[in-house]
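**Student:** Okay, so Swiss-Prot annotates it like this:
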| type | residues | note |
| --- | --- | --- |
| DOMAIN | 104-287 | domain 'ATP-grasp' |
| BINDING | K141, E178, Y179, D187, R211, S212, N213 | ATP binding site |
| BINDING | D248, E260 | Mn(2+) 1 binding site |
| BINDING | D248, E260 | Mg(2+) 1 binding site |
| BINDING | E260, N262 | Mn(2+) 2 binding site |
| BINDING | E260, N262 | Mg(2+) 2 binding site |
Amino acid sequence: MKIAILSRDGTLYSCKRLREAAIQRGHLVEILDPLSCYMNINPAASSIHYKGRKLPHFDAVIPRIGTAITFYGTAALRQFEMLGSYPLNESVAIARARDKLRSMQLLARQGIDLPVTGIAHSPDDTSDLIDMVGGAPLVVKLVEGTQGIGVVLAETRQAAESVIDAFRGLNAHILVQEYIKEAQGCDIRCLVVGDEVVAAIERRAKEGDFRSNLHRGGAASVASITPQEREIAIKAARTMALDVAGVDILRANRGPLVMEVNASPGLEGIEKTTGIDIASKMIRWIERHATTEYCLKTGG
């Protein structure tokens, strides 16, 4: 099988592991920078070119598309899909997951428990927005933020109003969310492949912070998850139509709450913490689904 990995940096841990796992299972692998792909959109002879050459057909494509290049990265992935390549996460699912507002609306519609959340662009009544989510303490986020950037814990009403007013000055979309105190700065990252949680870790915020992102200096340990947490993680990934997803869960007194569904979860922290070969599980999923029938169905 011929597999393309779409990534701006082939030296990243996740890309290297996926490449190694695919090669170990006998596949040919090429890492392509999606921003260097250019496309001929033609009903008779569509194609993808890369650095001066027309690319051959790939049986499957693994998208490792960063948030900053979502628009063009998913456009390039769509072209591969149109040419019959099986995507490990479809372009439409990635775009959907990157839209935090749409994601939360879809999850809520499916009855998946979330922290109480309010979203606004430039709220005229900051006080009402705060009341809507139950008052302080609360978390204020920029909708476009990633890896804990643009996330502030406002412990008092006055602090919340000040942060919201400051974010409003950025002309940005603002997300206001109840603070789950009992989580104590921890969350659970469940790595879903297909209909299975293949690994789970607990991420704990560093001292003096409440954000558990490993990129922000948080620590990780192996997590033992409950059947309810396993079920909600799989349901969240399925709701977003993702074959592979990192589902972040908070343990609240009222039960597990989904914080986020990540369409391009990093493998380094979770593989090194659990010792589980997740990359090979992803390649095996591709082997089962990147079939000749799929290629013919999609026009490749």
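Any Cβ shown, glycine's included, is placed from N, Cα and C.
I would like each feature placed in context: is it buried or exposed, what are its neighbours, and how far apart are things?
**Tutor:** In the three-state DSSP reading, E178 (ATP binding site) counts as strand.
Counting every protein chain shown, the Cβ of E260 (Mn(2+) 1 binding site) has 19 other Cβ atoms within 10 Å. In the three-state DSSP scheme, E260 (Mn(2+) 1 binding site) falls into the strand class.
Within 10 Å of the Cβ of D248 (Mn(2+) 1 binding site) there are 21 other Cβ atoms, across all protein chains.
Within 10 Å of the C-beta of N262 (Mn(2+) 2 binding site) there are 21 other C-beta atoms, taking all protein chains into account.
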**Student:** So for K141 (ATP binding site), how many other CB atoms are inside 10 Å of its CB?
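**Tutor:** Step by step: centre on the Cβ of K141 (ATP binding site), count other Cβ atoms within 10 Å, giving 22.
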**Student:** Spatially, which candidate from the binding-site residues D248, E260, N262 is nearest to D187 (ATP binding site), comparing Cα atoms?
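**Tutor:** Nearest in space to D187 (ATP binding site), counting only the binding-site residues, is D248.
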**Student:** What is the interatomic distance between the Cα atoms of E178 (ATP binding site) and N262 (Mn(2+) 2 binding site), given in whole Å?
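**Tutor:** Cα to Cα, E178 (ATP binding site) and N262 (Mn(2+) 2 binding site) are separated by 20 Å.
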